[in-house]
Amino acid sequence: MRTAMSCGGGLVQRLDFSSSDEEDGLSNGINEGPQKGSPVSSWRTNNCPFPITPQRNERELSPTQELSPSSDYSPDPSVGAECPGTPLHYSTWKKLKLCDTPYTPKSLLYKTLPSPGSRVHCRGQRLLRFVAGTGAELDDPSLVNINPFTPESYRQTHFQPNGKRKERPEDDCRTDRQMKYAEKEHPAVFQSKRFVLRETNMGSRYKTEFLEIEKIGAGEFGSVFKCIKRLDGCFYAIKRSKKPLAGSTDEQLALREVYAHAVLGHHPHVVRYYSAWAEDDHMIIQNEYCNGGSLQDLIVDNNKEGQFVLEQELKEILLQVSMGLKYIHGSGLVHMDIKPSNIFICRKQTELGQEESDGEDDLSSGSVLYKIGDLGHVTSILNPQVEEGDSRFLANEILQEDYSQLPKADIFALGLTIALAAGAAPLPCNEDSWHHIRKGNLPHVPQLLTPIFLALLKLLVHPDPVMRPPAASLAKNSVLRRCVGKAAQLQKQLNVEKFKTAMLERELKAAKLAQTSGKDECSDLPPMSGFSCRGRKRLVGAKNTRSLSFTCGGY
């Protein structure tokens, strides 16, 4: 390709480029430039009408900008008489697009690569997306919440350097050095930063992973939806807050529920927790779906039909919920909001021939399970931060800010819950009727209950929290577990029969041993006329036999 340029009406230079010179120009052309004080510099300053381009250091050039004409190119001396000529500066050639070659394979490949700090976004709905970049926000270890419900011993074990539980007194100096070093190496442990909801926002995981079926509940915190997870096809209960929680006073309540679920884990009488996340500053919690609704729904349906839960089913509810409370209290937590709307029902079909055991852990094999849910008011027994729940089920000592018997507040609320399921009128929120119940008076139950069960319910609402039975005692109460006494009796009889069987086996073994030893002695004796050792019989006459008797006279 040949190109000519004019300078002041005269021909300045004829440029000749060939394909073979293109690659050579990448390495040789950079060092060819006009020197300061040379005739070329005076020509560029005084005679040439083209704009003057400042000189640039060759170190500032990127690999894609190291493009210049061939080094074996020299100006025409015949033209230099009118206008001293020289090859144009590389920036001028780049503007004229004479030396830029962006279509080489190397340059095309370089332009297709993303920059180190860029993000690549994929179009379309895809569950997995590649996002390039440093990811400093996600990799920052200081943005980690500390669960307040984690046992103190567990927290100390996992949050101290080297996992040591206890240091010896003589190692105090070394311990201080280790702590300072650990603070430098692991600042997230010693200078933890609260991971607020706004920092956990992501794309709409709810719409991507779940298919909303219907709304199944609503409360003060938010709404609950029945959803199907697209991946596994199972039903889940998705709880979403009504309003944004980031930065609000309700944020701690939302996080408290997540903390409690994570610590409690899985128990057959506690609603199972799967995951939690934030979208648009709204907290979303994925829990187990209970197909039987709540106990409050059952009570409402019974009131419409003029029915109520019978005593046998009341005992089953009280037993299973007390077992859930036993697990929660054993974990060092209290629920603080036990009521019918927070007790959920799971109905499942039992297979034919499936035997149900009377053990505590085997109650999960029944056809109906009662589970405790809504852990938004859960607090620690040792370090209580009480957030009062429903005032209709609130114990009087909690109102007086006496937190010495926190687990017994759940027992009080459970007693009133069973009374409502038995057909009692709705509970008052205040006034004299509210205080009347706090004096140990059980609400009136329209159905006839057995005296022993009625006495147990009155004990649950006793004004003195010390007199109320703990959840562990309720889970083993003989009134609730009718088969406990019978099972103990049957177990005792079984042990007696096992002992008798063992004695008979010993006697049988001794008899067999004696019979074997008798045969050996008989074989060692010399043969006697008239006796047969095989049958131990006596021959009389020709072929007649008579049994041999060793009995003595007089006996």
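In case you wondered, yes, glycine gets a Cβ from its N, Cα and C as well.
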Have a look at S248, S364, S549 and find the one that Swiss-Prot tags as phosphoserine.
-> S549
Expected hit for coiled coil in Swiss-Prot across 217-243, 298-324, 487-513 is 487-513
Integer Å value for the Cα distance linking D337 (active site, proton acceptor) with D374 (Mg(2+) binding site) is 8
Could you tell me which three-state DSSP class N342 (Mg(2+) binding site) falls into?
-> helix
So what's the mean pLDDT when you look at the coiled coil (487-513)?
-> 85
Tally every other Cβ atom lying within 10 Å of the Cβ atom of D374 (Mg(2+) binding site).
-> 25
CB within-chain contacts under 8 A for N342 (Mg(2+) binding site), separation at least 6 = S294, H335, I372, G373, D374
